[in-house]
Amino acid sequence: MAARCWVWGFVVALLAVAAAADGEEEEGKWEPLIRMPTEEGDDAEAAAPAPAPAAADYGGTRWAVLVAGSSGYGNYRHQADVCHACQILQKGGVKEENIVVFMYDDIAHNILNPRPGTIINHPKGGDVYAGVPKDYTGHQVTTENFFAVLLGNKTAVTGGSGKVIDSKPEDHIFIYYSDHGGPGVLGMPNLPYLYAGDFIKVLQKKHASNSYSKMVIYVEACESGSIFEGLMPENLNIYVTTASNAVENSWGTYCPGEEPSPPPEYITCLGDMYSVAWMEDSETHNLKKETIEDQYELVKKRTSNANKLNEGSHVMEYGDKTFKDEKLFLYQGFNPANGNITNELIWPVPKATVNQRDADLLFMWKRYEQLNGVSEDKLRALREIEDTIAHRKHLDSSIDFIGKLVFGFENGPLALEAARSSGQPLVDNWDCLKKMVRIFESQCGSLTQYGMKYMRAFANICNNGVSEAKMMEASINACGRYNSARWSPMTEGGHSA
């Protein structure tokens, strides 16, 4: 089912339900021979081997930072992704003391979780939550803590385990991030967001400290290519792949109503397309034979969703591409159970996906459907859907009107949406971008994870030399009559910048 068809059907259904308030699932078709390594079953558990040595076959230590940048049960998939990644690294022999995990940790024991205390990342998968270290959880999952951990700065971290990447010149570092994003930004459950300009500076500082040999970064988020496009140097010994290019969405997968679908008791997406692609690849390959480039090409092919890029995305690569021939075990470890696996990737191909920015609406709608009869909980769920859609429409119309006020009624929308040519960064002045975001939110309410997509509009306002005073005037005119109490930055945990 195409995402646009789902969205239209959702809106029609919502209108019908709202009007009423005022006055056998298709089984997923699975190849019977396919069994994922995390699939439930006593035989698979009994065959699980002992972990491999952490530093086998090379001098140095493997380090990893895993970040789930969201919170809330509707964003189940991001923490599922990160927990799954942690399981892969642990089975590969990467020591827990060398893995730093950022996750809000509000999913496994959530009242909506049909299997309390567990998290799954695959429709037929087993628990990926058990044994995952909770280094930074809840309010400790911040951009500042992430940067401090990466830099190995123990005095700069706030709360948590205090664990940091205390790496040495011969060590290898793997960073994996999964969440919502927008042009030039990555989400965090505690504001402000992570901005590309700041992230690149931190990577440069890490390189200047001579505290690693090579680093590999995987990023799952909408417009994730914009974090590195025109910004990522090629001389830092850092290789990056992203789920999407600088101008497109990434996609959730294993979602309710899609094929393959999660177990019927789940009302939210279990994973993200790029993320499950690389993890299911790593689980079914000998990582002492598979190279970084091998995985990039396989993940690129799968994430394009058979070239249906209206339901898939372009996986991109940035930074230093000279060491793509290195074997993946240097970063993800080696699971002895995969020692005799031939490099033939086997996966169930999703028939459809859900736009990252629509996945929360899908969850809310499934939650509404799940509630029986006419109850206060069901009416509350309906109001939440209506409020969320109304705020989205408000953001859409406000940004559009600000563009017309700033650039003229004829050219405004095009000026806001214009993407720079390949190789150029999103914005010339990152401080200006942050200021424009704060001005907008002060008058128009929080951007939310949906509104992150408008970061390019704010960047273009900066790139065209619009003053703060003019932006404030336009924001007041666009939003002066909007009651933003429900969506105030103070209510939503602060400003996005």
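Cβ coordinates come from backbone N, Cα and C, glycine included.
Here's what Swiss-Prot has on this protein:
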SIGNAL    1-23  signal peptide
CARBOHYD  Asn153  N-linked glycosylation site
ACT_SITE  His180  active site
ACT_SITE  Cys222  active site, nucleophile
DISULFID  Cys255-Cys269  disulfide bond
CARBOHYD  Asn340  N-linked glycosylation site
DISULFID  Cys432-Cys462  disulfide bond
DISULFID  Cys444-Cys479  disulfide bond
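Long-range Cβ contacts of Cys255 (disulfide bond) within its own chain (separation 6+, distance under 8 Å): Ser261, Pro262, Thr268, Cys269, Leu270, Thr353, Val354, Ala359, Leu362. Taking His180, Asn340, Cys432, Cys479 as the recorded positions under consideration, the smallest Cα distance to Cys222 (active site, nucleophile) is found for His180. Closest by Cα distance to Asn340 (N-linked glycosylation site), from the recorded positions Asn153, His180, Cys432, Cys462, Cys479, is His180.
Other Cβ atoms within 10 Å of the Cβ of Asn340 (N-linked glycosylation site), summed over all protein chains shown, number 7.
Cys479 (disulfide bond) and Asn153 (N-linked glycosylation site) are 42 Å apart (CA-CA, integer value). A count of other CB atoms within 10 A of each Cβ picks out Cys222 as the most crowded of the recorded positions Cys222, Cys444, Cys479.
When the Cα atoms are compared, Cys462 (disulfide bond) and Cys444 (disulfide bond) turn out to be 18 Å apart. Here the Cα atom of Cys479 (disulfide bond) is found 21 Å from that of Cys432 (disulfide bond). Counting in whole angstrom, Cys432 (disulfide bond) lies 22 from the residue listed as 'active site' by their C-alpha atoms. Cβ neighbour density within 10 Å is lowest for Cys462 among the disulfide-bonded residues Cys269, Cys462.
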